[in-house]
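Now, the feature entries from TrEMBL:
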type	residues	note
DOMAIN	2-93	domain 'EamA'
DOMAIN	115-244	domain 'EamA'
TRANSMEM	23-43	transmembrane segment
TRANSMEM	49-70	transmembrane segment
TRANSMEM	77-97	transmembrane segment
TRANSMEM	117-135	transmembrane segment
TRANSMEM	147-166	transmembrane segment
TRANSMEM	178-198	transmembrane segment
TRANSMEM	205-224	transmembrane segment
TRANSMEM	230-249	transmembrane segment
Amino acid sequence: MLVVIPCLIYRKSGFIGPKDQRIFLVLRGTLGSIAMILLYYAFQTTSLADATVISFSCPVFTSIFACIFLKEKYGLWDALFTAFTIIGVIFIVRPPFLFGSNASRMSESYSDHLKGTFASVGHAVFAALTLVILRKMGKSVDYFLTIWYYVVVGLMVSTIILFILGEWSLPYCGLDRLFLMLIGLFGLGGQVFLTKAIQIEKAGLVALMRTMDVVFAFIFQIIFLNDVPTWWTVGGALFVVASSTGAAIRKWCQSSK
């Protein structure tokens, strides 16, 4: 809020938005907030690489929702990319009924890993809905205004959930408070760049560049957390990245014709 408010005042965008777009702005804020909460929960319950890779099934859900709500075409290639994503997620989850009982013997609890997986998939679904809403609004709404709704609704949703769970407290460690502020700043930066990118560049190219998230997730997990991803995760990542990259290139080629 401290960063977005001065930007809105400087750009003279207002704080409410066009009357015909307010419902979409509220939906963007609500769905975007839920998506982010699910992603942070996934980071806490499973590995950084696993959560990041699974969240990259977002382009598949985006294609499905765009077909339903925006009447965009969903063809054979889209179905193939969906199948690739499902295979990639299965490689990462490694359900015991497919991979045997040894597959679930991980360093972390398998039940927690499963919760993190479902949270990551949930993030992908809600993030896809958010992208469809942003595409629906297009350039008719200032991108900082869409972030403003995300911030306001996110604050309300997070506050309510914290009171319900009884977890409303400051971290004991001062370093954790610094990390929380950095999460806010880096998260805001990511939202600003992503929202602006969707407005000024073809969605296919944006999705293609976002696959770098997976690369950074692997690198950061190894460097900062000293946690080397399993070969199953690497294999699943290849399937998911191939799916999202293929979908992005196809959309890019279609829009360039």
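Glycine is treated like the rest: Cβ placed from N, Cα and C.
Caution: TrEMBL annotation is automatic and unverified by curators.
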Long-range Cβ neighbours of the transmembrane segment (205-224) (under 8 Å; 6 or more residues past either end): 47-49, 52-53, 56, 59, 194, 197-198, 234, 237, 240-241, 244-245, 247-249, 251-252
Most Cβ pairs under 8 Å with the transmembrane segment (49-70), selected from 147-166, 178-198, 230-249: 230-249
Helix, strand and coil counts within the domain 'EamA' (115-244) (DSSP): 112 helix, 0 strand, 18 coil
Secondary structure content of the domain 'EamA' (2-93), with strand meaning DSSP E or B: 73 helix, 0 strand, 19 coil
Confidence summary for the domain 'EamA' (115-244), mean pLDDT rounded: 85
